[in-house]
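What follows is a short report on a single structure.
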Amino acid sequence: MPTSRRALAGGALSMHVAYFLAISCLGYGLLGVLKVREPGAAPRRIDRFFTAVSAATVSSMSTVEMEVFSNGQLVVLTVLMLLGGEVFVSLVGLASKWSKLRSDAMDRSRRVESHGDVALADIDGGDVENPTSSGEEAASRRRPMDADTLRHNAVRALFYIVLAIFAVVHVVGAVAVAAYVLASPGARRTLGDKSLNTWTFAVFTTVSTFSNCGFMPTNENMVVFKRDAPLQLLLVPQVLAGNTLFAPLLAACVWAAAAATRREELVEMAREGGRAAAAGYAHLMPARRCWMLAATVAAFVAVLMALVCGMEWGGALQGMSPWEKVVNALFLAVNARHTGESTVDLSILAPAILVLFVLMMYLPPYTTWFPFEENSTTKDSNAENQGIRLLESTLLSQLSYLTIFVIAICITERRKLKEDPLNFSVLSIVVEVVSAYGNVGFSMGYSCSRQINPDHLCTDKWTGFVGRWSDSGKLILIFVMFFGRLKKFSMKGGKAWKLS
C-alpha cells in the first residue's frame, strides 16, 4: 500500500509539473507570435519565457514593463493566469476525479450485471434452499455500492459548487471593476492615458486578483490607483476569496447547499470530517478549522495594517486622506498573502515592514492557529503512510531550499552586489526570492538614483528587481517560481533533521 500511495503522489507531482510547463511554453510561444505595442520594445526571449512562467505560476514577477504588451498579449496573460490559478487547478482535479469515479461505477455496474446473470442461472437450476442467505449476500454487495455512489455524488456536487464560485466571482468582479472605472472620471482618465480598454482592464484585473497572481496591465501596478479607495475595496474580497479564505467560503457554500436541498452527499460534506466523502479535496475543511483559519487571517491582516499605519502614516502613505491611508494599508496587508498587488513603492517602506512581509509571503495560505487535537479524519497517521513520511522527512525543509536559492542568486549577481550595494542588497534579494517562492510578486524594484557610481545611461523602469539580474539569475528565479507553485508536494520535508 505505501508503494502504491508513493506512486500516486509521484504521479500527481509529474502531472502538475507537465501541466505548468506546458501552459508556460504555450504562453511563451503565443507571446512571441503576437506583436507588441511598439515594435522596437519587444522583450528578449528569456524575458518572454520569464513572463509566461510568472503568469502561469501566478507569481507576477516581472522583467519587462506591462504596457509593452499589446491587447492580444494581455489576453494571453489573462488565460495563463486563469489556467494557473489554484482554484482552477483544483477544479480540473475534481473533474478528473469525477470522471474516474464515474468510470469505476460503470465497471462495477457491468460486473454486478454479469453476477446477476450467473445468479439467475443458479436459481433456474433449483438452488433456492436458503433465500435469506442469498438476500444477505445481495445486501452486502449493495452496501459498498452505496458508499461509492455517495462519494461519486459528493465529488460531482463539489465540482459544481466550486465551478459556481469560480464563475460568479469572475463575472461579478469584472462587472464591478468595469462599473467603477466607467463611473470614476479619474480612473477612466488613467486608462485613457495608457490606451487601455476598460473591459480588458476589468477582466485582466479580476482574473489576476482572484487567481492571486498580482499582474496589472499598467506599468505601475496599483500605484496609479492609490487614491481610488473604492477600487481597492472591490479587489480585497477577490484576493481573499481566491486564496486564504477560499476554504471558509467553500464550506459556507456547501453548508448553504446542504441546508437548501438536504441531499445526502451535501449533508455528508457539511458534517465534520466531510473531506472523506469528497475524496480528500484539500480545500474542504471542517467548520472549526475554517473558523480558526478566518480568525488567523484577520489577525495577520490586523497586525500588518497596524504596522504599516504606525510606521508609514507620514511616510509612504503621505499625501492621502486618513480614509485612503487606512484602505491602502488594508490593501497592502491583504496582498502580502499572496497576491502582490501594491499601491506604494515597497523600496521606501521601513525595513521592519519588509521583514514582516517576507514572513507573510513565506507562510502557506492556510496557515492556522489551531490549538486542538486533530481527529482521525484529518490527521494523516495511518501505518500505511509511514513509508511516505519517511521519504518526505529525508528531504530538506522549505527554509533550507530558500537559503540555497538566495546563495545561488548572490553568486550569480556577486559583481553587482559589490558595485551597486544599495540596489543589490541581500534584503532585496531575499524579498525577491521569497516573493517568487510564495508566488506573491512583491519586489523592491531598482532605482538609478541609488547607484553609488551613477550610470548616465541608466533609466528607471517599472519592472521588478529581477529585471536587472543576469540571465543566470533569471533562470534560477524561474525555477523558484515553479518550485513555489508546487511546494505543496514538499511541505513536510526536513523532519529528519534534528536541531537539538
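Cβ atoms here come from the backbone N, Cα and C positions, even for glycine.
Feature list (source: Swiss-Prot):
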type: TOPO_DOM; residues: 1-12; note: topological domain 'Cytoplasmic'
type: TRANSMEM; residues: 13-33; note: transmembrane segment
type: TRANSMEM; residues: 74-94; note: transmembrane segment
type: TOPO_DOM; residues: 95-156; note: topological domain 'Cytoplasmic'
type: REGION; residues: 121-145; note: region 'Disordered'
type: TRANSMEM; residues: 157-177; note: transmembrane segment
type: TRANSMEM; residues: 239-259; note: transmembrane segment
type: TOPO_DOM; residues: 260-290; note: topological domain 'Cytoplasmic'
type: TRANSMEM; residues: 291-311; note: transmembrane segment
type: TRANSMEM; residues: 346-366; note: transmembrane segment
type: TOPO_DOM; residues: 367-390; note: topological domain 'Cytoplasmic'
type: TRANSMEM; residues: 391-411; note: transmembrane segment
type: TRANSMEM; residues: 464-484; note: transmembrane segment
type: TOPO_DOM; residues: 485-500; note: topological domain 'Cytoplasmic'
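Where the transmembrane segment (239-259) meets the stretches 13-33, 291-311, 346-366, 464-484, the count of C-beta pairs under 8 angstroms peaks at 291-311. Proximity of distant same-chain residues to the transmembrane segment (291-311), defined by a Cβ-Cβ separation under 8 Å and at least 6 residues beyond the stretch ends, is recorded for 240, 244-245, 247-248, 285, 317, 325-326, 328-330, 332-334, 336-337, 349-350, 352-353, 356-357, 360, 366-370, 372.
Within the model, the topological domain 'Cytoplasmic' (260-290) shows a mean pLDDT value of 81, rounded to a whole number.
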